[in-house]
Amino acid sequence: MAIFALPFTIQLYNDKLAFLHRWAGRLIWLVSALHVTLWSIQLSRDKRSSFDPTSAFSFAFDYTKFIYGWVGFISLTLLVILSIRPIRVEIYETFYVLHVLLVPLTIAFSALHFPPIAWWCWSTLVLWGAERLWRMVKFLRVNGLLGCMGGRRKERYLSHTNARPLSVFNKFNNVLNSGHLRRKSQPRDLTINTQELGIIDDSSRLNNRPQSVGAESLKSFRSGNSAAPLMASSPGYTLTPTPIHPAFHPHSRMAGYAGRGTYLPPPGYAHATLLPGRTIRLRLVPPHHFSWAPGQYVQLTIPGISLFKTHPFTIASVCDQESRLDDGREILLLIRARAGFTKDLWNYIEKLELEGKIGDKPDIQFTPPRRGVLLRAYIDGPFGSSIRAPWTSYSTVLVIAGGSGIAFGTAIMEYACLCLTGRDSKVLGSKAGGIFGGSSSQIRRVRLVWVIREFSHMQWVASIIRRCLDLIKSNALQIDIFVTNASDQPKEASTEPKLDSSHLAPPNVQYMRAGDQSLNPSQVSFNSDAANVGWDPQNELDGIPRIK
């Protein structure tokens, strides 16, 4: 079914075809089982001859074609049994290897069993083998395993790195590893990076839940908005204006740092940092050309953990094929450490940081990161049917995400914001409509609703939010962040006057009058009462009825 993922076809990947794939295989096994059962019954009834009452089934195994049929059927049966959900979930790597081995075995012996229609089986086997070979070559090339580290990508990385002798970096690494100079390890209870978010925590006493960060509180994320009044969506938190890194930062040529002001790892290596909420942020640039559509995912392999373990992760960044720097093709992954691969990855990074090591060392001149570690990383993909979604065909894009699902949300939001600025969707990875699809955008407004447990989780994608807020006008982008697990008010602070929490109420649904083309969002907010929902004409401002 991999042929359906080609650009000139329907562009459906396994996330949409997995259900059809499983049941098509089960149907084929059912038909094959009926074929084997009925022929076995018939052979047990037939006699060898009129003079020999021996059952024909007893000497049928003297024929090689009969044996081929049984081998093919047993292989198909094992394929179905070993594909049940518990095996796929618990021992996925074993399931995958057996799947790859049993599929060609089933097809080949089916062809040998009945030669008159063998060409159907051989054609299928050739297509399957070609797809596996193409995918393997692509994997080796993208990850720089067919040659040195990336050709042009390597030269481009070195051109944006200070030309210091490699011995300098080796000496620096030796000092780190010897223990004479160690970076401060990240504690388990990680706190929010206030410089990145522009948030000053002057109090941890929050007395309402859930709480929200709305459009007004995000004003200070914008660059050049220092004169704007500071507004906070929750008591105890003050948002201060901080400059945003533009597409080409004036200090972008400092060693190892990209145009967005973030550390740019060497090609083929991932820069891993530990964030609050047991979350890992991975940034990597493949050694060779690699493009993806917003919302797609990759299979990640970290050799430092295991060469045989892969895990899918959604790409939180947008592919910009017109970017003059490698950060336009930077893959950003957000990984929540839970169990299995993600837990092993968290423990591995934490161990490296506690030991003061920088991780895997590239064989080229590179700049060590100020925080975090470097890991050799392999990716396979991209995958995901979001490539066929016509995001630019709609006037309003609404993205709702919870927790680490923001990785999908930020990719769509940043893509929509770039399209709002007039960028061609084709150079941003979109292939909606295949090779015949258009590139014009109808997007006029973008809204992101994100539900998180703690305020510190905003650090995961703070840079993307700031970049989007700086790209377009405030009336075209609305971002609502709801925090559901804020700390309670301490008992000793009960004598303090209660603060007005009306601004923490969830946003009301707004309706536009027919023919009203205004993009300006409401400047007035009203609390909604579930027991009394109606339309109050007195609350109608600018032609927008409000829910009372």
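Every residue gets a Cβ built from N, Cα and C, even glycine.
Pulled from TrEMBL:
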- 518-530: compositional bias 'Polar residues' (COMPBIAS)
- 261-389: domain 'FAD-binding FR-type' (DOMAIN)
- 518-548: region 'Disordered' (REGION)
- 23-43: transmembrane segment (TRANSMEM)
- 63-82: transmembrane segment (TRANSMEM)
- 94-111: transmembrane segment (TRANSMEM)
Apart from its near flanks, which chain residues at least 6 from the ends of the transmembrane segment (23-43) lie with a Cβ under 8 angstroms of it? 55-57, 60, 69-70, 73, 76-77, 79-80, 83
Given the transmembrane segment (94-111), its same-chain partners at Cβ distance under 8 Å and 6+ residues beyond its ends are 68-69, 71-72, 75-76, 78-79, 82-83, 87-88, 118, 120-122, 124-125, 128-129, 132
Rounded mean pLDDT within the domain 'FAD-binding FR-type' (261-389) lands at 87
Helix, strand, coil residue numbers for the domain 'FAD-binding FR-type' (261-389) per DSSP? 22 helix, 41 strand, 66 coil
